[in-house]
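Asker: Once you've had a glance at the structure underneath, I'll fire off some questions.
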Amino acid sequence: STMRKRKTTDSPHSSTDPSEGKEKLRLKQEVGLISGVSLIAGTMIGSGIFMSPEWVLHHIGSPASSLLIWAACGLLAMFGALSYAELGTIIKESGGEYIYILRIFGSFPAFLFAYTSVILVRPAGLAAVCLSFAEYAVAPFYPGCSSPQVVIKCTAAACILLLTIINCLNVRLATSIMNIFTAAKLLALLVIVVGGLLLLAKGQTQSFQNAFQNTTAGIGAVGVAFYQGLWSYDGWNNLNYVTEELKKPEVTLPRAVMIAIPLVTCLYLLVNVSYLAAMTPSELLSSGAVAVTWGDKVLGSWAWLISLSVALSTFGSSNGTFFSGGRVCYIAAREGHMPDILSMAHVRCLTPSPALLFTSAVSLIMIISGNFTSIVNFFSFIAWFFYGMTISGLLYLKIKKPELPRSYKVPIIIPIIVLMAAVYLVLAPIIDQPQIEILYIVLFIFSGIILYFPLVRFKCHPRFLQRVTLHLQLFLEVAPTTKDAN
């Protein structure tokens, strides 16, 4: 059948059971503490810190308030990651929110999450990162003016197509690109931090005089400013997607979180201070690409280095987003919540090419129809809706199932704070400035009901879906990730 429930899974992520007729392969537990820290920090430091400062300042109004938003976003990401760390030591399975919602709340809400994540959230994240890559890649060709939107969107689309080819052809090439570009993004941020500290030492502190002037205090404005800031911290939960591959997950998961997130938060605050040292708030707001404007002012003829570094950084981040994007899709297909074709791998390249091609196609549609700030706002709305659901599941386990074995416990006040923040981030923009697009998103989430009951609950699979799956298998040269024990 095209979609089937598989409690025991024949996949590279499942364990080996010699009593059955098939050999079930399992990924090795090779991710240690240093790799875990790199995975979190490398995913978090993407396009956001180069794009979002302008929008945080735009919505909150003053430099000091924007720095407070950045610090609060870091604290919220830390609290969320610590809460997820406890969940990861109770439910030691890969899959992040999907697997936690499935195990705690059951099949229906887990399906809604997978449906929304695979069709909206993951492709939206990829589209936003690729748009920011395109913004910086084309900025040097249009000095002193804004880049044409058609050029930005075509460049972003080309980026997605290139990533699709790389990730479908070779896993090792994709991971090598990720490592190289992580070094580029750290170098770019360090250059900006050092440059800003030198400017402050020379007395360029005009942006910090009357720093709270023009602060916007509306609940909706603060919520949208948080959306833009939290976009830069997205990835704080990435280690929970590879729990099965961690060495000693009960130790590695919380420790990696406690190292990586404070490190990234400090770096982000220093970069924002550097931006404000080099530019007045009005200059920062009028900049289409904040880091490029900073480079023009501080580095002069060497400003192209910043454009190059940021373009490389955002390309590397988009590669990481694309690389991990198929994981929820794969695991949902493994559990019978997605078509089987999405859990298959290329017979020679051994890459999850159907899931990658699907993500690529949806991301291209989002690039054509949207822009960076609107995509981020809607991405954040959906993400925090499901973060809130996941955290409420942790609170349920802490209150109702205290006897479950867990090697790490987070104080109950921390998930309560995260849940309150999630409720605020979901409701505040709706209450303050309701937008019809939010209604469309809510309707989309619950449209999954139409698919869930016939296809998953009652397993009514039209015969033509089986034929489509077979033809796609032949065309894409993919097969289920199983092999005979013989």
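Cβ from N, Cα, C; glycine included.
According to TrEMBL, the record shows the following:
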{"type": "REGION", "residues": "1-23", "note": "region 'Disordered'"}
{"type": "TRANSMEM", "residues": "31-52", "note": "transmembrane segment"}
{"type": "TRANSMEM", "residues": "64-85", "note": "transmembrane segment"}
{"type": "TRANSMEM", "residues": "97-118", "note": "transmembrane segment"}
{"type": "TRANSMEM", "residues": "154-174", "note": "transmembrane segment"}
{"type": "TRANSMEM", "residues": "180-201", "note": "transmembrane segment"}
{"type": "TRANSMEM", "residues": "256-278", "note": "transmembrane segment"}
{"type": "TRANSMEM", "residues": "298-317", "note": "transmembrane segment"}
{"type": "TRANSMEM", "residues": "354-372", "note": "transmembrane segment"}
{"type": "TRANSMEM", "residues": "378-397", "note": "transmembrane segment"}
{"type": "TRANSMEM", "residues": "409-431", "note": "transmembrane segment"}
{"type": "TRANSMEM", "residues": "437-456", "note": "transmembrane segment"}
Asker: To the transmembrane segment (180-201), which of 97-118, 256-278, 298-317, 409-431, 437-456 is linked by the most Cβ pairs under 8 Å?
Answerer: 298-317
Asker: Counting only residues 6+ away from its ends, which parts of the chain sit with a Cβ under 8 Å from the transmembrane segment (409-431)?
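Answerer: Beyond its ends, the transmembrane segment (409-431) has Cβ neighbours at 76, 79-80, 82-83, 85-86, 219-220, 222-224, 226-227, 230, 377, 380-381, 384-385, 387-388, 391-392, 394-395, 398, 438.
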Asker: For the transmembrane segment (31-52), I need the partner stretch with the highest count of C-beta pairs below 8 angstroms, choosing only from 64-85, 97-118, 154-174, 298-317, 437-456.
Answerer: 298-317
Asker: Counting only pairs 6 or more apart in sequence, are there at least 3 Cβ pairs under 8 Å between the transmembrane segment (378-397) and the transmembrane segment (256-278)?
Answerer: no
Asker: Same chain, outside the transmembrane segment (64-85) by at least 6, Cβ under 8 Å from its Cβ: which residues?
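Answerer: Those are 40, 44, 53, 56-57, 96, 208, 211-212, 215-216, 222, 225-226, 229-230, 232-233, 236-237, 240, 253-254, 257-258, 261-262, 264-265, 268-269, 272-273, 387, 390-391, 394, 408, 410, 414-415, 417-418, 421, in sequence order.
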Asker: Using a Cβ-Cβ cut-off of under 8 Å, list the residues of the same chain that are 6+ residues beyond the ends of the transmembrane segment (298-317) and lie near it.
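Answerer: Distant Cβ neighbours of the transmembrane segment (298-317) are 43, 45-47, 50, 129-130, 132-133, 136-137, 139-140, 159, 177-178, 180-182, 184-185, 187-188, 191-192, 195, 199, 278, 289, 291-292.
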Asker: Do any residues, 6 or more residues outside the transmembrane segment (437-456), come within under 8 Å Cβ-to-Cβ of it, and if so which ones?
Answerer: 3, 5, 107-108, 111-112, 115-116, 119-120, 336-337, 374, 378, 381-382, 385, 429-430
